[in-house]
Amino acid sequence: MTISPPEREGKVKVTVDNDPVPTSFEKWGQPGHFDRTLARGPKTTTWIWNLHANAHDFDSQTSDLEDVSRKIFSAHFGHLAVVFVWLSGMYFHGARFSNYEAWLADPTHIKPSAQVVWPIVGQGILNADVGGGFHGIQITSGFFYLWRASGFTNSYQLYCTAIGGLVMAALMLFAGWFHYHKRAPKLEWFQNVESMMNHHLAGLLGLGSLGWAGHQIHVSLPINKLLDAGVAPADIPLPHEFILDPSKMQELYPSFAKGILPFFTLNWGVYSDFLTFKGGLNPVTGGLWLSDTAHHHLAIAVLFIIAGHMYRTNWGIGHSMKQILEAHKGPFTGEGHKGLYEILTTSWHAQLAINLAMLGSLTIIVAHHMYAMPPYPYQAIDYATQLSLFTHHMWIGGFLIVGAGAHGAIFMVRDYKPSQNVDNLLDRVIRHRDAIISHLNWVCIFLGFHSFGLYVHNDTMRALGRPQDMFSDTAIQLQPIFAQWVQNIHTVAPGATAPNALAPASYAFGGDVVAVAGKVAMMPISLGTADFLVHHIHAFTIHVTVLILLKGVLFARSSRLIPDKGQLGFRFPCDGPGRGGTCQVSGWDHVFLGLFWMYNSLSIVIFHFSWKMQSDVWGSVLPDGTISHITGGNFAQSSITINGWLRDFLWAQAANVINSYGSALSAYGIMFLAGHFVFAFSLMFLFSGRGYWQELIESIVWAHNKLRVAPSIQPRALSIIQGRAVGVTHYLLGGIVTTWAFFLARTLSIQ
């Protein structure tokens, strides 16, 4: 830690400009007001595309970093307002249109629904009987489980929260306007990283976790304990009664009678009746022990509140971010992190790239925790919700990571200054880019040929009737011994490291089978040759995605092919006329290609997850204790061939969506077709050139002129970049809708 005399550094002050930008509805009502060229209005149809492309590209509107920073800050509040409106809508649907109260009274027999379709042209068929006499669309968002864990016991509480969401949205909209138009922070406020770290760590993460821990202890725990014991929701005291009447808490948790004395006398063990370290899952609900998660949030709060006091601001004590970075030198890293502080305080693209990469990775980790350690009551036995949550978080994580590649490339083009990065880590990585990319390329080739080759071998052997020569658990075994070792360590180690824990952190590693209402919530996931094969496909597709994105970043400014690439900008179709073979080299094009491989990677991940869980985890526990899995454990033998994936997964499990007509799942059947159509539509944009369309348009314009109905705005074909953007958007949208319909029709029909 660095300590400095107080006189050495100026005091941190919150400085703002008053009324920097007038509020003008007249200006906002003018399309393209942010750009001088666009503000003149449309002359060609390209205008509407440029309007959308540049509306949020603040760099193109001004070169003033302070103004850009203010616009981003204000936009954050707008984003939060949208999130609050969305959340409010979710809670309102739960209050007004759902069977939440009926589900709460009987969560194992009644399914969650929060939408009832009006039968205008016969859509009433979509309202399935979800139990308890309620007819509606079954939802798979998991909100009911979250609300149960939070302590919601009636619709009125959901209404109040929905109104609270709208109030927060209004506050956010006001804050966004206020901090741009009335009191706008100066640039030094945005660049004051130590204060920002302290506030974000101690305030947002620390106090946020503390507030949630408080809610869990005082509201969630008592309500959930009574619900678990079978008390009817209507008979449970309301949250404020538990908060205001200590005797009600003391009945459930005797340590409450001692108040806060044990805290100050360091006799913390007294609180172990509501702050526990049990491990595993609650056998009644199949969710994490709520007393464990309350303990977790309290510990996280303490950790982050301490972390929020680490950085030096006005008191001359603590860490300086710049000094930490510049002291970070290794024997082979030259100037180390010198210069990175300047990059991260002047390039928001660099900052965003790092944050997106971190948050994307974290989101993927969340996807895995949601099934391995299901946090909410009864979530684990709702297989459709489990599959939806996994798929959702995987895709969100994938998009964020591709976004990291995008903003990394934009940083390199717009913000990177070679003169300020001499022999530091970033400079050294860029100078080593050929070695990095060529090695990564070799890894991709190796993984691609070998992983695919194993499947080709298996298909060939099975086709020739030689099962004894296949790679499988019953012939030539390729066991994932390292993964099995990790599983074993995680199962055995807590016996020594956490002797008081009742179970391992996750039953996915090993241990018992947790069943709720005769359905498997979680059990040990055994790994074998089939998993070894598909994991190497995962490794291959992930490495190709990384190769594309990293090449886009490292070669964004220059390459041997186009030494002045940085002058052409982040997105350009080719290096001008008369120079063939220079197309698809811009930073933008690498993002474009990266999106396809991200989608490719994650399709295999979610297919693997879906089939593996149906085969080896999800199912019914029979009276004699044996488990009947949904697909009867067919993953190990069927997924080791490409034919098996097509026949026993894609085709066999698509039966539910293909045969859905005439049932409550019929909308998924239509969506399945519509998704395929949108996907096919994308190929029209991806497989044709701009010239073809421009020729066609000119014929159509000629016909309009003949009929004297020529448009005043000149029609133009989409640019090459625009065509690719439309293509990849429809490709992904079509694929996502198709997968959504396939997964939901399948899992809803087998529950």
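The backbone N, Cα and C atoms fix where each Cβ goes, glycine too.
Source: prediction; values computed, not measured.
The transmembrane segment feature in Swiss-Prot is assigned to 72-95 (among others). Residues 56, 58, 114-115, 141, 143-144, 147, 155-156, 158-159, 161-166, 168-170, 172-173, 175-177, 179-180, 185, 190, 348 of the same chain lie 6 or more positions beyond the ends of the transmembrane segment (72-95) yet place their CB under 8 Å from a CB of it.
Sequence-distant neighbours of the transmembrane segment (158-181) (same chain, 6+ residues past either end, Cβ-Cβ under 8 Å): 19-23, 70-71, 73-78, 80-82, 84-85, 87-89, 91-92, 94-96, 100, 147, 152. Annotated transmembrane segment per Swiss-Prot: 158-181 (among others), in sequence order.
Note on the transmembrane segment (197-221): residues 149-151, 239, 242-243, 249, 252-253, 274-275, 290-291, 293-294, 297-298, 300-305, 307-311, 313, 321 of its chain, located 6 or more positions outside it, place their CB under 8 angstroms from a CB of the stretch. The annotation transmembrane segment is assigned in Swiss-Prot to 197-221 (among others) on the grounds of sequence analysis.
Look at Swiss-Prot and you will find 293-311 (among others) tagged as transmembrane segment, backed by sequence analysis.
Beyond the transmembrane segment (348-371), the same-chain residues lying 6 or more positions past its ends with a Cβ under 8 Å from any Cβ of the stretch are 68-69, 72, 379-380, 386, 389-390, 392-394, 396-401, 403-408, 410-411, 414-415, 508, 522, 609, 613. Marked as transmembrane segment by Swiss-Prot: 348-371 (among others).
If you look up Swiss-Prot, you'll see 387-413 (among others) marked as transmembrane segment.
Within the chain carrying the transmembrane segment (435-457), a Cβ under 8 angstroms from the stretch's Cβ atoms is held by residues 429, 470-471, 478, 533, 536-537, 539-540, 543-544, 546-547, 550-551, 554-555, 640-642, all 6 or more beyond its ends. Taken from Swiss-Prot, the feature transmembrane segment applies to 435-457 (among others).
Residues or ranges marked as transmembrane segment by Swiss-Prot: 532-550 (among others).
Counting Cβ atoms from all protein chains shown, C574 ([4Fe-4S] cluster binding site) has 18 others lying within 10 Å of its own Cβ. Annotation comment: Swiss-Prot describes C574, C583 as [4Fe-4S] cluster binding site, evidence class sequence analysis.
According to Swiss-Prot, the transmembrane segment annotation covers 590-611 (among others), on the basis of sequence analysis.
The feature transmembrane segment is assigned by Swiss-Prot to 665-687 (among others), with sequence analysis given as support.
Mapped onto three states, the DSSP output places H676 (chlorophyll a' binding site) in helix. Per Swiss-Prot, chlorophyll a' binding site is recorded for H676.
The DSSP secondary structure for Y692 (chlorophyll a binding site) is helix. In the shown protein chains, 10 other C-beta atoms lie within 10 A of the C-beta of Y692 (chlorophyll a binding site). According to Swiss-Prot, the chlorophyll a binding site annotation covers M684, Y692.
Look at Swiss-Prot and you will find W693 tagged as phylloquinone binding site. Remark: W693 (phylloquinone binding site) has A717, L718, G723 as non-local neighbours, by Cβ distance under 8 Å and separation of at least 6 in sequence.
The transmembrane segment feature in Swiss-Prot is assigned to 725-745 (among others); the stated evidence is sequence analysis. Residues 140, 384, 387-388, 391, 395, 592, 595-596, 599, 603, 606, 610, 653-654, 656-657, 660, 665, 668-669, 671-672, 674-686, 718 of the same chain, all 6+ positions outside the transmembrane segment (725-745), place their C-beta atoms under 8 angstroms from a C-beta of that stretch.
Against the transmembrane segment (532-550), stretch 590-611 has more CB pairs under 8 A than any other of 293-311, 387-413, 590-611, 665-687.
Most Cβ pairs within less than 8 Å of the transmembrane segment (590-611), among stretches 293-311, 387-413, 665-687, belong to 387-413.
Counting residues 6+ beyond its ends, the transmembrane segment (387-413) has Cβ neighbours under 8 Å at 140-142, 343, 347, 349-350, 352-354, 356-357, 359-364, 366-368, 370-371, 545, 548-550, 552-554, 556-557, 566, 569-570, 587-588, 590-591, 594-595, 598-599, 601-602, 605-606, 609-610, 613, 736, 739-740, 743-744, 747 in the same chain. Recorded residues Y692 (chlorophyll a binding site) and C583 ([4Fe-4S] cluster binding site) have their alpha carbons 17 Å apart, per Cα-Cα distance.
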